[in-house]
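Undergrad: From Swiss-Prot, for reference:
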| type | residues | note |
| --- | --- | --- |
| REGION | 1-32 | region 'Disordered' |
| MOD_RES | T33 | phosphothreonine |
| REGION | 46-66 | region 'Disordered' |
| COMPBIAS | 55-66 | compositional bias 'Polar residues' |
| REGION | 81-107 | region 'Disordered' |
| REGION | 197-223 | region 'Disordered' |
| REGION | 254-281 | region 'Disordered' |
| MOD_RES | T285 | phosphothreonine |
| REPEAT | 334-356 | repeat 'LRR 1' |
| REPEAT | 358-379 | repeat 'LRR 2' |
| REPEAT | 404-426 | repeat 'LRR 4' |
| BINDING | E556 | Mg(2+) binding site |
Amino acid sequence: MNDPSLLGYPNVGPQQQQQQQQQQHAGLLGKGTPNALQQQLHMNQLTGIPPPGLMNNSDVHTSSNNNSRQLLDQLANGNANMLNMNMDNNNNNNNNNNNNNNNGGGSGVMMNASTAAVNSIGMVPTVGTPVNINVNASNPLLHPHLDDPSLLNNPIWKLQLHLAAVSAQSLGQPNIYARQNAMKKYLATQQAQQAQQQAQQQAQQQVPGPFGPGPQAAPPALQPTDFQQSHIAEASKSLVDCTKQALMEMADTLTDSKTAKKQQPTGDSTPSGTATNSAVSTPLTPKIELFANGKDEANQALLQHKKLSQYSIDEDDDIENRMVMPKDSKYDDQLWHALDLSNLQIFNISANIFKYDFLTRLYLNGNSLTELPAEIKNLSNLRVLDLSHNRLTSLPAELGSCFQLKYFYFFDNMVTTLPWEFGNLCNLQFLGVEGNPLEKQFLKILTEKSVTGLIFYLRDNRPEIPLPHERRFIEINTDGEPQREYDSLQQSTEHLATDLAKRTFTVLSYNTLCQHYATPKMYRYTPSWALSWDYRRNKLKEQILSYDSDLLCLQEVESKTFEEYWVPLLDKHGYTGIFHAKARAKTMHSKDSKKVDGCCIFFKRDQFKLITKDAMDFSGAWMKHKKFQRTEDYLNRAMNKDNVALFLKLQHIPSGDTIWAVTTHLHWDPKFNDVKTFQVGVLLDHLETLLKEETSHNFRQDIKKFPVLICGDFNSYINSAVYELINTGRVQIHQEGNGRDFGYMSEKNFSHNLALKSSYNCIGELPFTNFTPSFTDVIDYIWFSTHALRVRGLLGEVDPEYVSKFIGFPNDKFPSDHIPLLARFEFMKTNTGSKKV
């Protein structure tokens, strides 16, 4: 019953037993029983009672399941005994703890001086630290600073050693993170009570009674002193807390050294004894990582704000999630987001854990795990993962899918290499590798360029992932059902009947990702060479020309790129193009306006003839509308958006039928979904006006029967108000537009008289059209008039197995974060108003 291993602590090895006997003879330890030893190590030396979350002596004889009850009892009973502390006894116990710590083995590194306060609380590693750590303590393969002492002067490796030592202190404490969190809540409660009592005391002193000042307030309940609180606060610091603090200090040191270097008079040389680590990057920002020797013109206030937000885990992430996840689900719907299974001697992990995809923190340190299941990829919301002090020999490549990881520790394992997929961990702030026989190449990059440089190396040098096959083309029959699949669009065209070929045409819609938006900061998961505009532009050319589509509707095309690249290129392949830039180009100088993106339509000259064209920006067009009203929502939310639409009336040469082709790109921000609905309402209203003008000579022709295509990036889900409006003809009640007033548009429920349907609806839409780490969904569509056109073929999905190996596009095969949509349409024989060319 006295064996500490029964409490979840490692057994005391022969070496430790011999050390204990020597210490007993020297008077450094009390009675040599493991029970007495446990009491000395885990009792609060300040007060005689353990802090919240730490095991007391009575727990040795009780079930380990009583830990939670013991924690609640301590929190409920308060702190009445805090004043009964004996400072002399505290100092003696501190000395005992330090002796135990020095003789108890460890991770092969020295504990820093700041751990003295932690030791006084009892948060020290047990004497019975696993034997394998002692065996490897002097192994230079696991601790490279033993082989290369210069690493001890490297700030990045010093941080590794410091945090490895902090991690080693948690050994022997089951659920250490949960216990530390309980201590934080305990301190917060105590501080709140103190503040409340002080406020009440001041209020009673200030309010006079009928016979002068009121009676003196009763003395507050016994509270821990500031000295005691500071020690408990130090003990409650988790490994993550220490990491944040250390990273902040490193950032401050780097900033101070740069400032001092700038202020140094010209001609003064740096003393030889002073190290200027200007070439040593820190995990601050990609800019600092890649351009460590460049000029730093950042404002100090902005830098501080960036530092504060970069190292936090939940506060800023909640805001980010709300920005990119406009669905009904909320981050706070889940009451807990952390799972602490630390120091429980677990050998295997239940598969059910990986169903908890809401987890942001997972603590598996101090166990006996030999492998981590590939299902870890399901936990894509993880910010913190601690695998330290296990028996892992490798890390799964699937862990690279946890792209939101900020703090990842695997101290003291037997991992020799890192998967290339770790290049996806673009948000990583710290990677704890000390105590592993890691490849020297990776260690060299880590110590020279920090974790960011290591991640970028893995990202940029990842071996090519072959695409098993191109996207297949799905043939659709006259009933709107999939009939057959072809390996390519060209193969499908070869099997197309001659009479059907005369009545059909193909259209491609593609958001090409403007080069001004494809920044390294926004797409950190994309290899730098694959993100370069020269590479992406060449891949876009190959992709677009390979489909040989009759109509090309492109979004996010820069004005200059349209004029100098796409027009000359596509002209050689028989295309004519029309372009319309976003509205802000009108207010800019000619040179700057060339950098503004917009929408364009290219058509094959042997397939189509241009009859007329029109273009609009939604805000400007609505202000000219005869029923325009200056509502508050329009002025504050919609008027400053510069999105546009382009309209072309074309005649299909083989069949003689006419068609309106429209392309647009709606506003992106999910916080303005009501504005997107308004923009679509304006687009459809304008299109109806154009159709009525064209058919004014023929009152019998219904505008529903006029062939219409509307292609583009609508930035809207299938369950959005935009989709409902286009698909059903109106939006009566939808949460995205509730309470918003856009005047006439809102009064008529944004209704229109066209019969439109999504072309991909016949196959249930694609799995996604936009693929990024934080967002993967369908937001691009090709809408067609159901009374005049019929879908006869669709370009299918990207191979799912290939997609599963990435966290987002662009990459070496797909040059945009969107994928192109392609459909074949047939003019229906019921279409009227046709005229042979």
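All positions are counted from 1 along the displayed chain.
For all residues, glycine too, the Cβ spot is worked out from N, Cα and C.
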Undergrad: Determine which residues of the chain contact the repeat 'LRR 4' (404-426) at the Cβ level, with the cut-off under 8 Å and only residues 6 or more beyond its ends counted.
TA: 107, 133, 136, 142, 163-164, 167-168, 239-240, 243, 311, 313, 317, 365, 380-398, 432-439, 442, 454-463, 524-525, 527, 773, 805-807
Undergrad: Can you count helix, strand and coil residues in the repeat 'LRR 1' (334-356) using DSSP?
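TA: Summed over the repeat 'LRR 1' (334-356), the classes give 5 helix, 3 strand, 15 coil.
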Undergrad: DSSP helix, strand and coil counts for the repeat 'LRR 2' (358-379)?
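TA: Output for the repeat 'LRR 2' (358-379) reads 5 helix, 3 strand, 14 coil.
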Undergrad: If you draw a 10 Å sphere around the Cβ of E556 (Mg(2+) binding site), how many other Cβ atoms fall inside it, taking every protein chain shown into account?
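TA: E556 (Mg(2+) binding site): 23 neighbouring Cβ atoms within 10 Å.
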Undergrad: Should E556 (Mg(2+) binding site) be counted as helix, strand, or coil on the basis of DSSP?
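TA: DSSP assigns E556 (Mg(2+) binding site) to strand.
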Undergrad: How does the model score the repeat 'LRR 2' (358-379) in terms of mean pLDDT?
TA: 97
